[in-house]
Amino acid sequence: MSLQDRSRFEPAEVEPRITAAWLGSGLVHPPAEGTAAENFSMAIPPPNVTGALHMGHALNGSIQDTLARWHRMHGRRTRWILGTDHAGIATQTQVEKLLKSEGSGREEIGREAFTERVWEWRAQYGGTIVEQFKRLGATCDFEAERFTLDEGYVEAVLTVFVRLYEKGLIYRDNYMVNWDPGSRSAISDLEVEEREVTDTLFAIAYPLTDGSGEVVVATVRPETMLADTAVAVNPDDERYTHLIGKSVTLPLVGRELPIIADEYVKTDFGTGCLKITPGHDPNDFEIGRRHGLDELSVIGEDGCMLPEAGEAYAGLSAADAQRKVVEDLRALGALRAEDPYTHTVPFSHRSGSRIEPLVSLQWFMRMDELAAPARQVVADGRVRIHPESQRRRYDEWLANIRPWCISRQLWWGHQIPVWYRGTPPTQETYVGMTAPEGDGWTRDPDVLDTWFSSALWPFATLGWPRETPELQAFYPTDVMSTGRDILFLWVARMVMMGLEFTGEVPFTDVYNHSVIQAPDGRRMSKSLGTGIDPLALIDGGPRPPVFAKRPGDDPGEFPAYGADAVRFGLLAMSSTQDVRFNEEKIAQGRALGNKLFNATRFALLKVEGIDAAVLSGGPGAEAARAPEDRWILSRLQAIKAEAAQRIGEFDFSKLSLALYDFVYGELCDWYLELIKAREVDADLAATLLHVLRETIALVHPVMPFVTEDLWAELPGHDGGLLAEASLPAADAALRDDAAEAQVSALIEAVTTVRSWRGDAGVAAGAILDARLTGDGYGETTALLARLARLDLDQPADAAGAATIVIPGGTVEILASGAFDPSEAAAKTEAQIADLQKEIARARGKLGNDGFVAKAPAAVVDAERAKLERLEAEVATLRAQLPEGAA
RNA sequence: GGGCGGUUAGCUCAGUUGGUCAGAGCACCUGCCUUACAAGCAGGGGGUCCACGGUUCGAGCCCGUGACCGCCCA
């Protein structure tokens, strides 16, 4: 349909066609040529293969695509590396659920069949999010999608494991891990969520072995006492110093426990005596290692008590064991108090189960050696973190880094490349890329933490460890854009691995984008009902309940805003680290798209009949430019420069709002209105089309669909895609301060007269007889007359009835029935009152000796000039009022 | 407990190095189908810039203390 047959931009009609054009053009998959320094590349934080597009993806996708398109349009070969993450636990959980619904389970079908099923599941559902990115207009490299378990990637992961093992950084050890009884696996610290829980704090008396008394310890987990191996007090706690080195007898068990001193113990918590259970508490574990204590285990991986807990408790769940221990202690008379106690407790982010800290045999990776260079590259600026305030978080995390437990008791993932033969005392271990020769070898059943493989993302996706052309052309990448929550989880580990294995930083800029909260300020989450589906914004759909004005009200439906509007809105919203979702910003984006659409319609109507070659040859001849032409060309350079600056600063909010302000506040509200009555010659037409073309190109990275659609309608269009076009940088030669001043004054004059008309009761369409006095309006008088609806062609001696002060002069309105003199006088009086206030303020300042003496001379002079101007203005306004007024 | 961000108009947010910075969008009121756009145009009302104290000739902005909201870490 032709542009002129439509009066609004309809995204749903246009988006599929344009998406197909982009993806069919090959622009997302540039050849692997040139150097990484010349090219622009960026790896997507690989979305979870089980995932669906949420607000965070939509925002980050908008950011990355804006960057990709911007750099592509500025002549850089641009590759936005796409792929998904195999997401060990999340995916395995999905498939286990599926099996359960079929009355089966992973144990029943065995590892091989299970893995098979996960691959099938992935083939069926794993592409969802990638397809959804297309809806956003994202120009990721859909032609070279990667997966963290595909063949080349496995090679990279195994290579890294083997090399780190050989270097001694990867080792196997008994260590305290976050055991998730729900998924029956160790999970990382970062997959643990702290929740506030009210438990009971039990006070238990432990008698001193020598019979000289007792100590009372406080605990929320009395059942773990069965694994106690010490009691600790603070060395500075005078109440207990005399006990250090003595021992207590553990009730119910009878074991003798030493009383030790450790700084960790807080003197003001509970009784100041702490029972130490190295096998079941992470802090106690650390204390235990410091003091060489035994690490006893009484709770197993299934969350039930082990035989080591004693006959009375073995086999009970931890909760049942707790009840029985408390009962038995009470019977013994050892229970001194039970009080409700609210504290934070770790839960698995994966399964929701309460974490059971356990000591278990796991694979670990020593991080301190890798952390030091990763800190260094940020410290010396080789990797820049935006906003800079996040640098400290990064550094502190790395400074306090601890060994990373990299093994997971799962079936879905990179199986650890370690084989064993024989039994422990004489067990042989083989570590290598492939199974060892000989019989009797068994492979370690565990898989690697998913983040182990994701940490290699920026280079493993480009073919590492092979020296591929892709690696040559696109590594190191330029930008990593992520949410703050994975600055450690991911970004820091990528930096470490990148430096270790490629010798280079994996990217030069890390951008931490905003977190968009629900409209009520809570976190956006599916389970809270506060999540917003980006596709519901694009296509229209029910609003989540959180949008209801009052609970229970019908929140209605989102209109189909289209992808451009969603992109614009999300970018515009994301100003600080946490922002509330703001539907108005999406609507603002839709309005902007529609505005551009109609501005283009208008421009094309104006230039009808002008030769296409003229219209695509840049602005009209300099000599033929009217002030408003020089003004808009100058303003266009300003917005181009600002956009480049904002991109460089990663300030996408200011970028998008600045584009809005230019299109609305300068191009459409003023330039198009200013030229409306002009006869269109070749020069004007060329200038108009030039400005329009560059504006469309400038907005393209943020709003690709509408701009691509309009681009194809511009005269002289050669059939090429805007996405592949180039946008020249701002041209300083087109900046024109004089024209800017001239047109600013005109705009202010028009606005002032319009405001006066409103207050003086002038009918909207009425043309007022008026006389213009003032400097600088020579070329713009006719424009002022037209836009302010004045007839300025009046005899010089006609009597003025009202005076409007405009920059550099006045507009005198002649007497007529078109305005109400009393309303006009009231307006004038109100103006005078306002001016008097400002005059008083200026006089106050200038009357202050301190100000005159200490403020810079320029500021004082400006204040004097302002005062003079205000006084002159008041005098002018007063002159028109009846005697005695104001 | 530590770190970070926030508190400015009814709502969501801008306000660079302290001096025409009190702004925008939406909402609201008034008037307009003015030869692109009613998802539009023109105009208008509306704010003790969280509180207190300090620095300064001058503070929304700098410093201190406190309150509240959110996120992260322990």
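Easy rule for this one: first residue shown is 1, then count along the chain.
Glycine is no exception: its Cβ is also placed from the backbone N, Cα and C atoms.
The range from A:47-57, A:465-475, A:553-563 that TrEMBL describes as motif ''HIGH' region' is residues A:47-57. Your range for coiled coil, going by TrEMBL and the list A:153-208, A:601-656, A:769-824, A:825-880, is A:825-880. As a quick check, the domain 'Aminoacyl-tRNA synthetase class Ia' (A:21-421) and the domain 'Valyl-tRNA synthetase tRNA-binding arm' (A:825-881) miss the bar of 3 or more Cβ pairs under 8 A, pairs 6 or more apart, so the two do not touch. Across the motif ''HIGH' region' (A:47-57), DSSP helix (H, G, I), strand (E, B) and coil residues number 3 helix, 1 strand, 7 coil. Averaged across the coiled coil (A:825-880), the predicted model reaches a pLDDT of 83. Per-class residue totals from DSSP over the domain 'Aminoacyl-tRNA synthetase class Ia' (A:439-581), listed helix then strand then coil: 54 helix, 24 strand, 65 coil.
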